[in-house]
Amino acid sequence: MAPDISCFFLVALFLASCRATTSSDQKCIEKEVNKTYNCENLGLNEIPGTLPNSTECLEFSFNVLPTIQNTTFSRLINLTFLDLTRCQIYWIHEDTFQSQHRLDTLVLTANPLIFMAETALSGPKALKHLFFIQTGISSIDFIPLHNQKTLESLYLGSNHISSIKLPKGFPTEKLKVLDFQNNAIHYLSKEDMSSLQQATNLSLNLNGNDIAGIELGAFDSAVFQSLNFGGTQNLLVIFKGLKNSTIQSLWLGTFEDMDDEDISPAVFEGLCEMSVESINLQKHYFFNISSNTFHCFSGLQELDLTATHLSELPSGLVGLSTLKKLVLSANKFENLCQISASNFPSLTHLSIKGNTKRLELGTGCLENLENLRELDLSHDDIETSDCCNLQLRNLSHLQSLNLSYNEPLSLKTEAFKECPQLELLDLAFTRLKVKDAQSPFQNLHLLKVLNLSHSLLDISSEQLFDGLPALQHLNLQGNHFPKGNIQKTNSLQTLGRLEILVLSFCDLSSIDQHAFTSLKMMNHVDLSHNRLTSSSIEALSHLKGIYLNLASNRISIILPSLLPILSQQRTINLRQNPLDCTCSNIYFLEWYKENMQKLEDTEDTLCENPPLLRGVRLSDVTLSCSMAAVGIFFLIVFLLVFAILLIFAVKYFLRWKYQHI
């Protein structure tokens, strides 16, 4: 009875009143104090007076500004970035940006422009990036650009422009990007291209224009960083038209909704009279490939043949011996040996990702690629009972291997012995079966990144990660520890150089306070989406300055003794936890408000208890934890009763003692 009465009095003693201060007013979000503001989609028809004059970056898209003039932004003289996407702008009057001398980037995307004054852009002296995408213009002459000598990129996609000819006096000396994708350009003349002569290493995007003709000599001696003719059906026109040009990257891919046309070897003859380092031919149809199909590709460094319906490459291909990077993704190979790897002795990067048929790795199919550094075989339905030394024979210089999203792989001891130089190994979403007690990774002394997420790996073995002295990043997301606990002795203890540890979605319920003691270099720990309570925070007491993600756990009350551990971290995420917002958690709530700069996703860090404050942001809660009147009353009653009982007890004791003298 006595304990029950005591509890009752203690509850009454600490009855508290709670209140939440919230604001429902829509206003711009401050991203950087006095400098960067987001006012998107607020239905505004003018610049809010609350924005300081010191504003430098303003995101103002999805508002309503039918007309802008010289008074619209006049006081924001420090603007360097202005986004006016979909603001229903029709008219841009004289000297609209006359006060914005420092304006660097102007975005006018998706505004139905009718009029733009000749002096509309006369103010900015350092304008570098202009976006006129989907504005309905039919000619570049619509934009007054004659004074923009600092312009580096101009985006004009999704309009009705039929010629790329730039206006007379258009400054191109510093122009690096000119984007005309999805317009109505079908012919390129010498006159068109002559207006680009002053631009060096330009990236010209004509994707989605279906070029039907190029005047002979239009690209003579031209030098481009990149050219994009994506969606053009007649590749013969392109290769003939680019004669005598020099191009770093040439993009000639097509789209899925276009009719497949066979590419004959004659199409590529024009390549013999131009210089190209990288070509993308994705989604074209190669019906028959002979040994001479690529004979004009002799200087090529990179070739992308994604989704080109290939099921086999013949041996003895001419012209690809110097190729460094080859992409054969989304094709129809059944066995890795069908790519005839001996055709590419200089290859350093190979990607066969998302093969449309189950890919058999075979034995030694890539052994001629002794210079290979990166290999991507993800999403290929690969399955093998003995991975991976026979399959990766002679790849001693391989540094990156991606086998993610495949079928079950069985790993023996030193499963990657043929690849001792590996620095990155990705086995995510591939079920792994470790056959031996010893680690399958133990010879990978240079491995820095290991992704084992959702691999259904048995993590109970303490030797699982032996032999990985250089490992810095380990992702174990979606794997389960025995009984949902990480014990003092565990498989992670040998990873002394680990910096990033991901243990999200691991169904963890507890972590021993000494589980991570040997992991002294960690700076990023993700424990989100588990069943952890605040007691597991003790396991991080030896770490300082880390990013700590505790989102979506079962943390309710954080005791005062744990607050110093949180205080010494760089960034903390506590969103979607059932946080207690009563006086029982008052010390944490006070700490939370004092350390907002450390906290991430504060908009989703909400109270769960008491019901009155459920769904309220912690930052908006103010508790008054002083003793309530009813508490004082019960305290007085309790003290009076206690005093009376004490008096009677003393009196009884003295009487008993007197009687027994």
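Note that Cβ sites are derived from N, Cα and C of the backbone, with glycine treated the same way.
Feature list (source: Swiss-Prot):
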type	residues	note
SIGNAL	1-20	signal peptide
DOMAIN	33-53	domain 'LRRNT'
REPEAT	54-75	repeat 'LRR 1'
REPEAT	126-147	repeat 'LRR 4'
REPEAT	150-171	repeat 'LRR 5'
REPEAT	174-195	repeat 'LRR 6'
REPEAT	201-221	repeat 'LRR 7'
REPEAT	299-321	repeat 'LRR 9'
REPEAT	322-343	repeat 'LRR 10'
REPEAT	346-366	repeat 'LRR 11'
REPEAT	397-418	repeat 'LRR 13'
REPEAT	446-466	repeat 'LRR 15'
REPEAT	470-493	repeat 'LRR 16'
REPEAT	521-544	repeat 'LRR 18'
DOMAIN	577-627	domain 'LRRCT'
TRANSMEM	627-650	transmembrane segment
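Long-range neighbours of the repeat 'LRR 6' (174-195) within the same chain, counting only residues 6 or more positions beyond its ends whose Cβ lies under 8 Å from a Cβ of the stretch, are 133, 149-166, 201-215, 217-219, 222, 225, 228, 230, 241. The average pLDDT the prediction assigns to the repeat 'LRR 4' (126-147) is 94. Per DSSP, the secondary structure of the repeat 'LRR 15' (446-466) breaks down as 0 helix, 3 strand, 18 coil. Here the repeat 'LRR 16' (470-493) has long-range neighbours at 428, 445-457, 459-464, 499-512, 514-516, 518-519, 526, 531, 539, meaning same-chain residues at least 6 beyond its ends whose C-beta is under 8 angstroms from one of its own.
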